[in-house]
Amino acid sequence: MKNTSGHREPRTRPRERDPDRRPHPDRDHHVERSRDRGGDRHRERNGDVRGNGDRRAGREQRTDRDQRQDRHRDAGHRASEQRALEKSRQSRARPEPWGPSWDAAPTPGPAPWGPRELSQKHGLGRRGLESERASERYVPTYSVPALQEEEYYQSEAEGLLDCHKCRYLCTGRACWQMLKALLNLLILACSSVSYNSTGGYTGITSLGGIYYYQYGGAYSGFDGADGERAQQLDVQFYQLKLPTVTAAMAYSGALMTFSCLTLLAGALRVPWHCPLWLVIEGLMDALIAGAYVPGLYFFFQHLSAAYSSDVCKERETLYQSKGYSGFNCGVHGGDIGAGVFAAMAIGVFAVGAVLAFRGYRKVKKLKEKPTEMLEF
């Protein structure tokens, strides 16, 4: 029913917009409609401007809209500044060979509806950028030798021993050095058999006790003049072999000591700090391998001279007359064992020389490697 009095009743004022409510992302992108334009006095008088026609309410809505637009414009300006800073930093940054850096992906710009805390995050990003630019994430120069040394030992020594000092014992050079020491120890043991006893029943009965009665003067058949003659022949034959046996023991003992010293030097990283040590070790191994050949020749030559002497033949005849057949004039097991181990040592020392020279080349290559290849 229409009002006949001609007085128009005021319309109820709409509810105010909540300032904490998140606006729709496309709120400000609508095309302004004709009924929302300012200056339409007729529609404002009739109360047709999104509310009750109140001019104050329209001004408040326009002010709120302008503040949101200014906020979006400031956020977009900060995002463009951040992207420009990222591009300039990437153009100045040094290329890294080992994979992408942490700032490979560009920082996404802030959303138009994002909160105010984005400015603080961008500030933190700038501070992190300055700290990264100062250090540039490159390995310091003083740590490069340690990395090279670690690479040298890790490439060869990945095995049972994890100790940093004992890791060298798993390398090929260390195994050959231990084998050289073992072979020289066996040569020393075989040579000491002839050195410690004069041989014959005199040497057996010198142990005393039951050995004297079982093998010695009581039941040996040597009594009187034959016993004294057998003892003299044993001592003379021992003196004939003594120089050769002594030289073999001294030679093998010195080489065993040398092998242990090279093993200890490798465990203490002397070859890394002084590569010339590897050259000296390789030359010594080659010299020792070559010296074994004439050493074996003179060893068996002097033994053959001792076994072919008149003393050895008379001694053999005397023992055979008493029924003993183990005293013939020929090389025994200890002499043969020393010769076999010496022949094996020739090949081992030759291979050790090759490994030493290869180790020298490897150390020189690692020390001359440019630092850019070790940067992460």
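Glycine residues also receive a Cβ, built from the backbone N, Cα and C atoms like all the rest.
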Swiss-Prot topology check: T171, G330 same side of membrane
no
Using a Cβ distance cut-off of under 8 Å, indicate which of 174-194, 248-268, 336-356 has the most pairs with the transmembrane segment (276-296).
336-356
When DSSP states are grouped into helix, strand and coil, how many residues of the topological domain 'Extracellular' (297-335) land in each?
26 helix, 0 strand, 13 coil
Where DSSP helix means H, G or I and strand means E or B, what are the helix, strand and coil counts for the topological domain 'Cytoplasmic' (269-275)?
4 helix, 0 strand, 3 coil
